[in-house]
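Reading through the structure tokens given below for one structure.
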Amino acid sequence: MSKVYVFDHPLIQHKLTYIRDKNTGTKEFRELVDEVATLMAFEITRDMPVEEIEIETPVTIAKTKVLSGKKLAIVPILRAGIGMVDGVLKLIPAAKVGHIGLYRDPETLKPVEYYAKLPADVEERDFIIVDPMLATGGSAVEAIHSLKKRGAKNIKFMCLIAAPEGVKAIQEEHSDVDIYIAALDEKLNDHGYIVPGLGDAGDRLFGTK
């Protein structure tokens, strides 16, 4: 069973309050999502491997640690996931960025992939899928499928707000994928929106309706 990590850091929760607020404008909403993504990236990379090297400081020779060269890629689910990418790249600027686009089939209501652009060395990379919302989990499950069928072996999913239904969907379909969230909300309403949620993340990020 995949693990669920809820980040209750005071800064994350403070910023999340204003992300939820319907009176927060597009510019501030975008900035807050970016900032929370950076804070979450700090936590999600806690287990990155390091190795010891020797350097010369202005005072002496010293042994210290650096990242051991693990390849990492960030994959936003279009379009709202784009709003979280730069926040992660601030901490991991060398990470590659892929993209996965999905639409909902009007008859089956299931997500269908319409776009996928990923680094060439998929099998060698660890992946972090980012999307502000985890509602029904359909898009997340399909995005993970998309990476796995191309050879990805180590995948994490990161979002701002999740509904229990979405968490359950990932755990049932991809028990090897851990989930990192800023808040686990109450439920989905009859329209599939997370309650209390934050509305439509894509519209609020890009100023559309």
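Every residue, even glycine, has its Cβ placed from backbone N, Cα and C.
The annotation 5-phospho-alpha-D-ribose 1-diphosphate binding site is assigned in Swiss-Prot to R79, R104, D131, P132, M133, L134, A135, T136, G137, G138, S139, D200 on the grounds of sequence analysis. In three-state terms derived from DSSP, G137 (5-phospho-alpha-D-ribose 1-diphosphate binding site) belongs to neither a helical nor a strand segment and is classed as coil.
There are 26 other CB atoms within 10 A of the CB of I194 (uracil binding site), with all protein chains counted. Annotation source Swiss-Prot lists uracil binding site at I194, G199, D200, A201.
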Listed in sequence order, residues not in I194, G199, D200, A201 with Cβ within 8 Å of the centre of the uracil site Cβ atoms: P132, M133, Y193, G197, L198, G202, D203, R204
Winner by Cβ contact number (other Cβ atoms within 10 Å) across the binding-site residues G137, G199: G137
Binding-site residues near D200 (uracil binding site), in sequence order, restricted to D131, M133, G137 and a 10 Å Cα cut-off: M133
Maximum Cα-Cα separation in Å among residues R79, R104, D131, P132, M133, L134, A135, T136, G137, G138, S139, D200, which the record lists as binding 5-phospho-alpha-D-ribose 1-diphosphate: 18
Among I194, G199, A201, which are recorded as binding-site residues, the nearest neighbour of G137 (5-phospho-alpha-D-ribose 1-diphosphate binding site) by Cα: I194
